[in-house]
Each structure stands twice: as C-alpha cells, then as structure tokens.
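Taking it in order: structure first as structure tokens, then the write-up.
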Amino acid sequence: MSARPAQPNIYAPIRTSLSGYPSPTHSGSSTPASLEFSDGRLPENNVERDMSKVVERVALLGEADEGAVIVEGEDKVTKFVWMLVSAAAISGLLFGYDTAAISGMLVIIKDDLGTILSSWQKEVITSATTLGALLGGLAAGCVSDFTGRRLVIVFANVAFIGGSICQAACHTVAAMIAGRFIVGLGVGLASCIVPLYIGELAPTMIRGRLVTINCVAVTLGQVVAYAIGASFQNVHNGWRWIVGLGAMPSFVQLAAIGFLPESPRILLLRSDVAGARAITAKIYPLATIEQVDRKIEIMKAAVDQSIEYNANSTWFERLKSLVMVGTNRRALIIGCGLQAAQQLCGFNTLMYYSATIFAMLGFNNATAVGLIVATVNVLFTLVALKIVDPVGRRRTMLFTLPIMILALVFAAIFFYYLTLSTNGILIEDHDYPRSLSILVLLSMLLYVAGYATGLGNIPWQQGELFRLEVRGIGTSICTAVNWSCNMLIAGTFLSLMDAATPSGAFGIYAGFCVIGWVFCWMLYPETSGLSLEEVYFVFEEGFGIKKSQQLRKQKLVEAAKLKAIFE
C-alpha cells in the first residue's frame, strides 16, 4: 500500500475547516495578528469577511467546537461509532414502539379494563403518554449536564420497563393511564437526550446522518409495534402482550450501557481531559495525535467558557439568556418552531389512531394496514438518512412540506366524498366504498413519505442550534414544545373528527403544514455541514439564511479539495 501523503498544516494554531481562510497567528499574545489568507491577501468578498469573523471569534473567545478542525477520516463512520450510535438508538426503538403500540391495543382491548372505552377515555389514555413525555423531556436536558448523558438513558430504560409492566398487569382505566404516563416519562427522556448524545459524539460532516439513525430506530419501533399488534389481534388478552413486550429492548440497552462512552464534553466538564481524548481518538481513528489534541483543545476552550459562564450565572439566568440574548433566542425560535410543526401537522394521529381509522373504513385487519403506513415511514426515513447532510436541512424541508400539504388536501377531499352518506362522520360497521377507502390510504402513504423524509427527523437536529452552556435547557424546551403539541393533537383528534368531520380535521392539518413551510422559508437557515460554532455565528445578525448557505457552499468546496489530497 502506498504511503499516505503528508497532510497540509492547516490546523495551527486554531483554524476553521476552510483551509483557504485566514488563521490568526499567536506570538505570545492572546490577540490575533491581522487576518489574512495564506497568500498574504486580505478578505475581499462577503463570504471571506464573514469567515474571517468566525476565525477571529475562535481565536479571541475560544467559541469553536471540535468540528472547526477537519481531520482525515472525518466523513467515515467507524465500527466504534456504529456501535455507540446503534446502542443509543435502542431508546429510539422504544420511543417508536411505545407510541405506536397504543394503536393496535385500542382496537382489541374491548371491556378488559372493566368498561368499553369511550372516545374520551381513549384520548386520555393516549395523552397520558404524551404528558409523561412532556415532563420527561423537560427534565432530561436540565439534569443531563449534571448527571451525564448516559445516566439519563438509564433512567429512561427504568421508566420503559416499569411502565410496560404496569400496563400489562393493569385491570382498570386508571392503572392503564398510570402505566402509559410512566412509559411517557421514558419516551420524553429518550427523545430529548439520545439525539443530543449522538450529536455530541458524531463527526461534523456526518452528524445529521447519525442523528437521523435514531429517527430510523423510532420508525422501526413503530413497525415492530404494528407487526406485533397484528399478530395478537385474535389472541385473548393479546393487548397485554403488545404492551408487555415493550420492556424487552430496555434490558438489552441496560446491558449495553456500560460499553457506551460518556460525551467528551461532559468529561471535559468533569475535568477528565484524558478520558475525553481517548474517546475522541476512537471516534477519529485515522486522525493524528496532533489533530486529536487540537479537537480536544478547541472543545476544552468552549467547555471552559461554559464553565465560567455557568459559575457566574444561575440556572434561571441561563434560561433568561435563551430569550434575552439574540443568538440564543433565534436558535430557540427555530428549534421550537420546527418541533411544533412536526406535531401540528397531525402525523401522530396516524401512529395513535390509524388502526381505529382503518377499522372504520372497512379494512378487515386494520392493524396490518397500519403496518403498511409504518413501513413506508421507515423506508422514507432511510431516504432522509441518505440526503439530510448532502442535500441539506433547509432544502429538504422546503421540498417535502408541499408534498405533505398536497397529500392532506387529497385526504380531505376523499374523506368528504367518502362520508357523504353518513353526514360527514365516520361510523363503525358502515359499508363505505372500497375505492374511496383505498384512495384515503394512498393519500396517507404519500403524506407519510413526505413527513418521514423531512419533518419527521430534521427537528431532532435541534442540539446543533444551541451553544453548550444553554444546550441542555434549549433542547429541553424544544422537546417540551414537541410533546405539548403532541398532547394537543392526541387529546383532540377523535373529538375533532366528530366536530369538524374527518375532511375538516385533515384540512386543518394541511393549514398547519402551510404555516410550517412559510416558517422554514423565512427563518430556517442551512445548518448542514457547519460546525456548532459556525451555526452560532450564523444567528448573530438575524436568522442568517443567506449567510449559512454561503458558508456551507464554501465549506463543501474546501472539503472536496482536502479530500482530493488523499485520493
């Protein structure tokens, strides 16, 4: 094998990932020398001036993250990274399973809880999980800086196991609500902390794809829930097996948790520099010692700044800074807006009530039909895994939301004609035209395809929006917004179908999608391929849509040049 060519020295003392951009030189002073390019010229255009500001901030404030240094093998996923992402994503599997299991359970539970469940009781049972997830999500980000990310994952698994056992053994509606609430705590903890954990361990160039793996696990969990639900449709007390089996993956993850590393940033917060360096070296096995040290040095600068900030501020002051500091506020608006859009589009009505809807439409095994919907969700989440980094977050959202809008409009139209004979209301055991029922199903599949490719996973990239000292609080608030909107949707869907008709309900969801598209078009910058410090810089003066696109374009060009050196 030929010798590896020497890597150009583009990393000292601190550089951005753009080898052509200026690097400050230190000569015993903390103040950088004049910023200039390697050929001696000064920045000329807007992009170059913007990037010179990035470098100057890195030099003066130490605000860069480790993504500001590109190393050899940056765009490769090693076995170690695959192992830790796969193990962490088991929480995503549980998240998906426990939110989808309710769909198959509701159609076969009958009077096993002492009464035939009314629409209101079904909504309360479903919403109990969402309320638990709301509280769990709020708690996760707030405590994870103190406990570490791994311990929060342990707490989530304990909740998954306890809630599953409680549901499987319950004999009253109140006990079922309690079990769903406990499971919801686990869902909230997992939904907040796992994307954050993966994002902090992932190399910058593939961060989006690795976080999306957790979304793939969520959709896979939904498929498993529908498959198990379909298998137990005709089994006495089969619903107890459906909810009880949800505990099994938790035992697997608890066994694997000892092999998962803590986030290097958490280790640096604990002054464990050696531990952080060892984990970083495993993540970047092709990197030189100098490159690993440089990443640790830059990470430590950001962590030290956060420690100093935290030492001189209370938790409430950091919470206040999310609203009062412009860069933090804009990041919070983006994160909360995307999470609200993810739920208000109505997708989880399919996850919670698809079996109920398809049973009313006349499909014999409604849970099996729901399995088709969940499978499409998995397939197009895999598409998202492929495109989320190279195509970009913003472009993906702007392309897929119109697909969702179109599909929801189709569904509203088909529901209108489908229910003409029943005064616009879906009625059980009514013989609806099979052709229109199939058209409703097809429109929902198109809707799910659009959702899974964009809105289903991109909001969970929220960790990249916030600086370290407010990242835990920021992601908690965004996750809480997600589950608050989820609770609104889950707790009103059946009632909305009765009050506004199915056609009206899906028309309302289409309207929310239109608002979401306008939000993304006006406010959402492109964060794909940018280091965490660069994302922060983008928000310094407005929402930085054009600035982010310019930075990303230039970084892609420079990354291609660097890659060509080693080919």
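Heads up, the Cβ atoms here are built off N, Cα and C, so glycines get one too.
Positions annotated as compositional bias 'Polar residues' by Swiss-Prot: 16-33.
Per Swiss-Prot, N-linked glycosylation site is recorded for Asn365, and the stated evidence type is sequence analysis. Within 10 Å of the C-beta of Asn365 (N-linked glycosylation site) we count 16 further C-beta atoms, all protein chains included.
Among the features that Swiss-Prot reports, region 'Disordered' is placed at 14-42.
Mean pLDDT for the topological domain 'Cytoplasmic' (1-88) in the predicted structure: 47. Per Swiss-Prot, the feature topological domain 'Cytoplasmic' maps to 1-88 (among others); the stated evidence is a curator's inference.
The feature topological domain 'Extracellular' is assigned by Swiss-Prot to 110-123 (among others), with a curator's inference given as support. Packing against the topological domain 'Extracellular' (110-123) from elsewhere in the chain are residues 170-173, 176, 237, 239, 356, 490-495, 498: each is 6 or more residues past its ends and has a CB under 8 Å from a CB in it.
Taken from Swiss-Prot, the feature topological domain 'Cytoplasmic' covers 145-150 (among others). Same-chain residues lying 6 or more positions outside the topological domain 'Cytoplasmic' (145-150) and placing a CB less than 8 Å from one of its CB atoms are 193, 196-197, 200, 257, 260, 262-263, 266, 269, 472.
Same-chain residues lying 6+ beyond the ends of the topological domain 'Extracellular' (172-180) with a Cβ under 8 Å from its Cβ atoms: 102, 113-115, 117, 121, 124-126, 128-129, 132, 163-166, 243. Positions annotated as topological domain 'Extracellular' by Swiss-Prot, on the basis of a curator's inference: 172-180 (among others).
Sorting each residue of the topological domain 'Cytoplasmic' (202-209) by its DSSP state yields 6 helix, 0 strand, 2 coil. The feature topological domain 'Cytoplasmic' is assigned by Swiss-Prot to 202-209 (among others), with a curator's inference given as support.
Taken from Swiss-Prot, the feature topological domain 'Extracellular' applies to 231-240 (among others), supported by a curator's inference. If one looks beyond the topological domain 'Extracellular' (231-240) by at least 6 residues along the same chain, the residues whose Cβ comes under 8 Å of a Cβ in the stretch are 104-105, 107-109, 112, 167-169, 365, 367.
What Swiss-Prot lists as topological domain 'Cytoplasmic' is 262-343 (among others).
Under 8 Å from some Cβ of the topological domain 'Cytoplasmic' (389-397) lie the Cβ atoms of residues 205-209, 453-455, 458, 461, 517, 520, 524-529, 545, 548-549, 552, all in the same chain and six or more residues away from its ends. Look at Swiss-Prot and you will find 389-397 (among others) tagged as topological domain 'Cytoplasmic'.
Tertiary neighbourhood of the topological domain 'Extracellular' (419-435): same-chain residues 357, 359-362, 497-498, 501-504, selected by CB-CB distance under 8 Å and a gap of 6+ residues from either end. Sequence annotations record features per position, and here Swiss-Prot assigns topological domain 'Extracellular' to 419-435 (among others) based on a curator's inference.
Taken from Swiss-Prot, the feature topological domain 'Cytoplasmic' covers 457-476 (among others). In terms of DSSP secondary structure, the topological domain 'Cytoplasmic' (457-476) contains 17 helix, 0 strand, 3 coil.
With a threshold of 8 Å between CB atoms, the same-chain residues lying at least 6 positions outside the topological domain 'Extracellular' (498-503) that come near it are 119, 412-413, 415-416, 418-419, 424-426. According to Swiss-Prot, the topological domain 'Extracellular' annotation covers 498-503 (among others).
Positions annotated as topological domain 'Cytoplasmic' by Swiss-Prot, on the basis of a curator's inference: 525-567 (among others).
Within the chain carrying the transmembrane segment (89-109), a Cβ under 8 angstroms from the stretch's Cβ atoms is held by residues 117, 122, 125-126, 129, 153, 156-157, 160, 163-164, 180, 183, 186-187, 190-191, 193-194, 198, 213-226, 228-230, 232-233, 238-239, 242-243, 246, 249-250, 252-253, 256, 348, 351-356, 359, 366-367, 370, 374, all 6 or more beyond its ends. According to Swiss-Prot, the transmembrane segment annotation covers 89-109 (among others).
Note on the transmembrane segment (181-201): residues 81, 84-85, 88-89, 91-92, 94-95, 98-99, 128-141, 144, 149-150, 152-153, 155-160, 162-164, 166-167, 207, 210-211, 213-214, 246, 250, 261, 263-265, 279, 283, 460-464, 471-472, 475-476, 479, 482-483 of its chain, located 6 or more positions outside it, place their CB under 8 angstroms from a CB of the stretch. DSSP labels the residues of the topological domain 'Extracellular' (498-503) in these numbers: 6 helix, 0 strand, 0 coil.
In terms of C-beta pairs under 8 Å, the stretch of 344-364, 477-497, 504-524 lying closest in packing to the transmembrane segment (124-144) is 477-497. Relative to the transmembrane segment (344-364), the listed stretch 436-456 leads the set 151-171, 210-230, 398-418, 436-456 in CB pairs under 8 A. Here the transmembrane segment (436-456) does not lie next to the transmembrane segment (241-261) in space: the count of CB pairs under 8 Å, restricted to residues six or more apart, is fewer than 3.
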